[in-house]
Protein chains: 2
Amino acid sequence: MDLWLREGQVSDAVMTYKVKQTLIREKTKYQDLAIVDTYSFGKMLVLDGIVQTTVRDEYVYHEMITHIPLFTHPNPKRVLVVGGGDGGSVKEILKHPAVEKVVLCEIDSEVVNQCKKYLPEISFALEDPRCQILIGDGIKYVREHKDSFDVVIVDSTDPFGAAEGLFGRNFYSEIYDCLTENGIFAAQTETPFYLPGEVKKIYENVKSVFPIAKLFMAGIPTYPSGFWSFTLGSKKYDPQSVDLSSREDINTKYYTKKLHKVCFVLPKFIEDLTR
Amino acid sequence: MDLWLREGQVSDAVMTYKVKQTLIREKTKYQDLAIVDTYSFGKMLVLDGIVQTTVRDEYVYHEMITHIPLFTHPNPKRVLVVGGGDGGSVKEILKHPAVEKVVLCEIDSEVVNQCKKYLPEISFALEDPRCQILIGDGIKYVREHKDSFDVVIVDSTDPFGAAEGLFGRNFYSEIYDCLTENGIFAAQTETPFYLPGEVKKIYENVKSVFPIAKLFMAGIPTYPSGFWSFTLGSKKYDPQSVDLSSREDINTKYYTKKLHKVCFVLPKFIEDLTR
């Protein structure tokens, strides 16, 4: 049998992956969850037909969504991850020696359970004593924890259906309050190539709440178009002017301190979305 | 009938495009040529099953392969394009007011003929009086024209089969001789994600010939992995330190002068290929 996964985010330009085997597939309370082993990208987590992360290219997404805000903050002690049940963001966050505690607030317990079981290469840091896992609604958690985190990362699915509320102005305003005095927020914010209107709207929402709002890009092979945006909101520190020279180097495959300074310089059609 | 094009460069991670209609398909002397109209990217040129360019995203590739070398050279009067029969590179080159002549040396006359007929949005500049079209072997042309061009662009298919010779040290050495005193060369050089060994080899070939050799990246949705490399070789001018402030702005959708300065700052796994 020749088994292929058809990625579901874009209807007329579809990425397909040859599958060795399906390790788990189930309907959870929130979504269709699958972990499949592919020839090209190794094991991948697929939610509602959309590839979330793969063993082979997860480092790009997880390094960029975490190290940009964590290197921008001079002393990130407490970090909140909303979503991110695969544990990839926690893995990167815990590379920072300043971090004392990471709270992971994931709505779907099965994402955590199955990633612990089938994707230990990505999820291993969820076992770290500095990591606290909460199963619940991130919006509610953020609302109930004011002035509590130095960095908040929204590592969510796409802004349609269940996760839509994670991209709205109200939520960003609550994240602002959840952050400490000079806190920083970052989120994955879709592909400017296929969804320029969404990227623009999200950027404007962040900008309406945070004094510093910046969009940055990374090349992620398994996300539609291969070129993905993240948006950062900051109360005080500017990611482009922060001095990184004294910061301890960490082991990465994509992020570098030099790249940190320039990933905010955008191709024209993307820069235009932030005007 | 539901017609889909399966992109042929990567075997186990395959991009597919829903097709409205096939405008032309023929076996030329050199390759299987098709121009198809797709729902997601409009019309696209496909050679031997591999997407070369599309109406919707051609600007990324053609702007970056041309404007980086042409803005690096202070006065690019004469430009040679090896390959590039679709005319997209010529279209961008002719935006530079200094350019007096572009020679396009394409081996397959049918690429030029069919792109003129079916892809006028990309190929229109081939009719410009400053453009001279030669049908023939680019390697032979380069060898026979010493000290003749300020910029040489190798806008070719992939380094397998017919185009393999366009990525070798010998050819780069002949390009060096074909360039004027302070000339600059640029080429498309594949995806570091799927073909790191090829990218490294090509970079080392360029570096063994040119005193300045640099790799730069761009996000191209229809190329495998979506994140593509180009390599520049320069006799004198460094693309990162050249002063662009006095240069006339040109109309682009991807290239900006700011991006020019930073597209050479590479993600770690790509930077490692250039060490």
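Placement of Cβ uses the backbone N, Cα and C atoms for every residue, glycine included.
Keep in mind that TrEMBL annotations are predicted by a computer and have not been checked by a curator.
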Residue among B:GLU58, B:GLU106, B:GLU164 sharing the S-methyl-5'-thioadenosine site, where TrEMBL lists B:GLN31, B:ASP137, B:GLY138 as binders: B:GLU106
Binding-site annotation, TrEMBL, spermidine: partner of B:ASP86, B:ASP155, B:SER156, B:THR157, B:ASP158 in B:HIS62, B:HIS67: B:HIS62
Candidates B:SER156, B:THR157, B:ASP158 (binding-site residues) with Cα within 10 Å of B:GLU106 (S-methyl-5'-thioadenosine binding site): B:SER156
Sparsest-packed among the recorded positions, when each Cβ's other Cβ atoms within 10 Å are tallied, from B:GLU106, B:ASP137, B:ASP155, B:ASP158: B:ASP137
DSSP three-state assignment (helix, strand or coil) for B:GLY138 (S-methyl-5'-thioadenosine binding site): helix
Per DSSP, three-state class assigned to B:HIS62 (spermidine binding site): helix
Cα-proximity to B:HIS62 (spermidine binding site), 10 Å cut-off, over recorded positions B:GLN31, B:ASP137, B:GLY138, B:ASP155: B:ASP155
For B:GLN31 (S-methyl-5'-thioadenosine binding site), the one of B:ASP86, B:ASP155, B:SER156, B:THR157 that lies nearest, given that the recorded positions are compared by Cα: B:THR157
Shortest C-alpha distance to B:GLY138 (S-methyl-5'-thioadenosine binding site) - which of the recorded positions B:ASP86, B:ASP155, B:ASP158: B:ASP155
